[in-house]
Amino acid sequence: MNCRVEKSEISGKIACPSNKSYTHRAIFLASLAIDKSIIKNILRSGDTNATINACKNFGVEIKDVGDDITVTSASVLKLHSNTIDAANSGTTIRIATAISALANDKIVLTGDSSLKKRPMQPLLDALESLGAKCSSSNGNPPISVSGTIKGGEVKIPGNISSQFISALMITAPKLENGLILNIQGKLVSKPYIDATITMMKKFGVEVETKTPYKKYIIPKQNYKSTTFVIPSDFSSLALLLSAAVLLGENLTIQISTGSMPQADEAIIDILEIMGVVITLDKNVIKIKSPEKLDGGKFDLSNSPDLIPAIAILALKTSKPIEIFNVEHARYKETDRIAVIARELAKLGIKVKEKKDGLVLNNSDNLTGADLNSENDHRLFMAFCIAGMYVGNCTISDPESVKISYPNFISEMKRIGCKIFLD
Ligand SMILES: O=C(O)C1=C[C@@H](OP(=O)(O)O)[C@@H](O)[C@H](O)C1
Ligand SMILES: C=C(OP(=O)(O)O)C(=O)O
């Protein structure tokens, strides 16, 4: 399926969706705690449903209560099935793989065609070094894991995905001998480790940071059930802010930030560097954008999910945008560096693709085009916004938004976007 977009001007109010990463963490941690937890204001999306289904498979009771859910767990995993389908969710399959090593049955974890290309081997190597038996399809899903691991000391590279580290951390307190976690080389997406540690603390577990982003000690502990309110998602907010910059600054965005670390808060500083004035007053964000944006050089190592929302701003810059140090954006739902380079060039942007990023220059010859989002939700939404700035575009795979922002199209239409589903 495709969608067609025309030049649009937006205005009015929109609420930022709830945070996907925190929703994943809250559900998994509540599933490892004994008794009932309440998780309020969760993001309901394809990815978070994958996590709910994975936890239900571990024998956890999860019930809907309006916008909230209750999660009631027992002390021991009771497998309902030996296969977990994580659909399109990298976070789900990484965390569920580590948790599966707590069981002594063989568990197969798989996903959709995109997930079957996502790297898993560093996590499997770490689990095998702890005594698990693992298999994979050339390092990708479907994978299998059988425990039971008891913990000890483990090392894992940090240059591919922080999710491998988050997965081991979340599982560690359940291990008889706890875990000493050594991260080799540079660690990408660092703030997601901070998010994991923050959330583990919310569920009663302490992580000892011996050397930040290098070495952590997690003794055996019990997670404690709690009530947790999910904050807004800065990854989705970034797209809304780019829409306001490109399509109309009379947009006010309602957010509930909370006080927890989010990698993609970096969007605020990046937009301000490019000349955008952002105000936050009583949980409402407003922006003022110059006629032409300054460019800038942006290290996205810690916030790879910002690459689509920032790249499309090249449509309104007077100077180049250089994005670097984010090779791991190639291992997401798609190779986001390659797809963004290929598709934004169709609009007339002058793009130089590099191994670890992009250099984007505006041009005077912007033109409509048929854009292929490769069924990547963040690319679909970014290309939609770009297409409504340039006009006369089609974008493939609108159904991909179910992954992180299911009502994106209806919400954008409500604030004035000319989006038409073919
Ligand atoms: O831990 C998480 O919730 C996530 C970590 C990041 O992945 P990497 O650590 O693989 O960069 C990010 O891209 C993803 O959307 C969510
Ligand atoms: C890459 C993403 O998530 P995941 O790694 O969980 O698939 C994303 O939401 O952009």
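Backbone N, Cα and C atoms are what each Cβ position is placed from, and that goes for glycine too.
Unlike curated entries, TrEMBL annotations are predicted automatically.
What TrEMBL says about this protein:
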ACT_SITE  D305  active site, proton acceptor
BINDING   K20, S21, R25, S161, S162, Q163, S189, D305, K332  3-phosphoshikimate binding site
BINDING   K20, G90, R118, Q163, R336, R378  phosphoenolpyruvate binding site
DOMAIN    8-411  domain 'Enolpyruvate transferase'
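Restricting the binding-site residues R25, G90, R118, K332, R336, R378 to those with a CA within 10 Å of the CA of the residue listed as 'active site, proton acceptor' leaves K332, R336, R378, listed by sequence position. Cβ-based neighbour count (10 Å, all protein chains) for R336 (phosphoenolpyruvate binding site) stands at 25. Rounded to the nearest whole angstrom, the C-alpha distance between S162 (3-phosphoshikimate binding site) and G90 (phosphoenolpyruvate binding site) is 11. Residue pair R25 (3-phosphoshikimate binding site) / Q163 (phosphoenolpyruvate binding site) shows a Cα separation of 11 Å.
Among the record's 3-phosphoshikimate binders, K20, S21, R25, S161, S162, Q163, S189, D305, K332, no two C-alpha atoms are more than 19 Å apart, and one pair sits at exactly that spread. A straight line from the CA of R118 (phosphoenolpyruvate binding site) to the CA of K332 (3-phosphoshikimate binding site) spans 7 Å. Proximity to ligand 1 at the level of Cβ atoms, with a cut-off under 6 angstroms, picks out S162, D305 from the recorded positions K20, R25, S162, D305.
Spatially, by CA atoms, the binding-site residues K20, S189, K332 include one closest to G90 (phosphoenolpyruvate binding site), and that is K332. Listed in sequence order, G90, R118, P304, D305, D376, R378 are the same-chain residues at least 6 apart in sequence whose CB falls under 8 Å from the CB of K332 (3-phosphoshikimate binding site). As a whole-number mean, the pLDDT of the domain 'Enolpyruvate transferase' (8-411) in this prediction is 97. A C-beta separation below 8 Å, combined with a sequence spacing of at least six in one chain, links S189 (3-phosphoshikimate binding site) to S161, S162, Q163, A263, S301, N302, S303, P304, H328. The Cβ of K20 (3-phosphoshikimate binding site) has 25 other Cβ atoms within 10 Å, all protein chains considered.
R336 (phosphoenolpyruvate binding site) and K20 (3-phosphoshikimate binding site) are 19 Å apart (CA-CA, integer value).
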